[in-house]
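Enquirer: From TrEMBL, for reference:
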- 31-53: transmembrane segment (TRANSMEM)
- 73-95: transmembrane segment (TRANSMEM)
- 194-220: transmembrane segment (TRANSMEM)
- 232-257: transmembrane segment (TRANSMEM)
- 269-288: transmembrane segment (TRANSMEM)
- 308-328: transmembrane segment (TRANSMEM)
- 340-373: transmembrane segment (TRANSMEM)
- 379-406: transmembrane segment (TRANSMEM)
Amino acid sequence: MDQEISEKPMINETVGNERGVGSRSMLAARWIAAALFMLALGLILGLAIMGVFDLAYAVIELVWIDWNGIADVPFYPLIPATLAGVALTLIAFRYGKPERPMDSMGAAAKEAADEVEVRAAASGYSNGPRRPLPVRIADFLLPFAGGGPVGVAMGLVGFIMSGCAWAKRRVMSLCGKFGILAGEKDFSKRQKTLLYTIGIVGGFVGAAAVVELFGLGMVIPRVEAAPISLEAVGIGALVAVAGWVLGLAYVACAKLAKRLWEHANKAQRLLPLVCGIVLGVSMIFLPHVGLPGSDAYSSQLMGNWQEVGPAVLIATALVRTVLIAFLLNMGWSGGPFFPIVYCSICLGLGIAGAFGADAGTCVAAAVGAALVAFSGQPLMGVAALMCCPVESIPVIAVAVVIAAGIPRPKSLKGDFARRR
């Protein structure tokens, strides 16, 4: 009798162990399923977002190279720019203005503490909280069709944020159905990191697939290396001051544009059209004041900048800077980063042509200083290496130090600087 009693706990323990092993195996299988699901979601998002990215450059090439060549009329820029302004104005009448100006995207993304805020920020920047996806895509592409000097990459951030929030909801719902967790709080930090990393890998795979199949529409202009010499550093120091002025001019114009937008009242929704007309007229006289600067049309300037003339190049840099600030704050979607880089390239080439200086030196100094002035962050000057070889680092470093050291008005600190 005692022996039978003593055997029962052993039997129960064995059954419990078997159930424990079975439940752990089932849980592992469910986690694998969740990971595969997250990988698939990331793949879909990568394909979609990179597809839209390439589509923007395809639109630019179609409208500004193919159709422009067919039309072959001097006033052609006014047509797509005005039509884009009309379309953006109609969208503004139907759905309202964007919630926040596009050039504050990076700072707002940092401020978004939870999914609700992320989705709100994404909707606000990526063209309004009530706008359906097709309208948001159209609102993203129209500025490029219209020749807007706005950046492609920053305009995609809203889609990326919305996509991440969507993927998170999908995987959370799946995990709840699988019994992996009852709510988000049941996820450990390690588990979240694992799932999100898997999703990111899927996104990169999807993006790489699009690039492999269709190529990368983005064309980043490059200049020759600045010579390593005291003369080059001295010239770079002088050009850096001009680059600093250009970057600060953008900040000042953006501030002015925001105030005009706020005081426009009912006329706000007509401002995208006004901006389109002004842009079109400007491009008739200065063809390179429009477009992102990272496209095939803009890259044509790099091959014949000596023929354009220093005055035209410097005027292009100044007018383009003003247009970027006003367009981005008056209903045109996009970002300012690479368009500002292209402004700086035009400024550097113009100064090089005017004074017979080395083009690589002038561009490196102008870009490095302008990025520091525009952002308020000295480290941003490193981004000048996108269009300058590593041999230009000494000139870039001098430009960054000068731009960071020049006192600037407190009211013109820039969006990045205010949130350091």
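For all residues, glycine too, the Cβ spot is worked out from N, Cα and C.
Caution: TrEMBL annotation is automatic and unverified by curators.
Note that the coordinates shown come from a computational prediction; the quantities given were computed from them, not determined experimentally.
What's the neighbourhood like for these features in this structure?
Expert: For the transmembrane segment (31-53), the residues of the chain that approach it from at least six positions outside its boundaries are 137, 140-141, 152-153, 156, 159-160, 163-164, 167, 170-171, 174-175, 178, 180, 194-196, 198-211, 217-218, judged by C-beta separation under 8 angstroms.
Residues 63-64, 67, 127-128, 130-131, 135, 138-139, 142-143, 145-148, 268-270, 272-277, 279-281, 283-284, 287, 290, 331-332 of the same chain sit 6 or more residues outside the transmembrane segment (73-95) yet have a Cβ under 8 Å from a Cβ within it.
Tertiary proximity for the transmembrane segment (269-288) is limited to same-chain residues at least six positions away from its ends with a CB under 8 Å from its CB atoms, namely 74-75, 77-86, 88-89, 92-93, 97, 146-149, 261, 298, 301, 312, 315-316, 319-320, 323, 326-327, 330-332, 346.
A Cβ distance under 8 Å defines the sequence-distant neighbours of the transmembrane segment (308-328), meaning residues of its chain 6+ beyond its ends; these are 101-103, 143, 148-150, 246, 249-250, 253-254, 256-257, 275, 278-279, 282, 286, 288-290, 301, 334-336, 339-340, 342-344, 346-347, 349-354.
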Enquirer: What parts of the chain pack near the transmembrane segment (340-373), using Cβ distances under 8 Å and only residues at least 6 beyond its ends?
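Expert: Residues 149, 221, 223-227, 232, 235-248, 250-251, 288, 292-294, 298, 301, 305-306, 309-314, 316-318, 320-321, 324, 380-381, 383-384, 386-389, 392, 395-400, 402-404, 408, 414 contact the transmembrane segment (340-373) from elsewhere in the chain.
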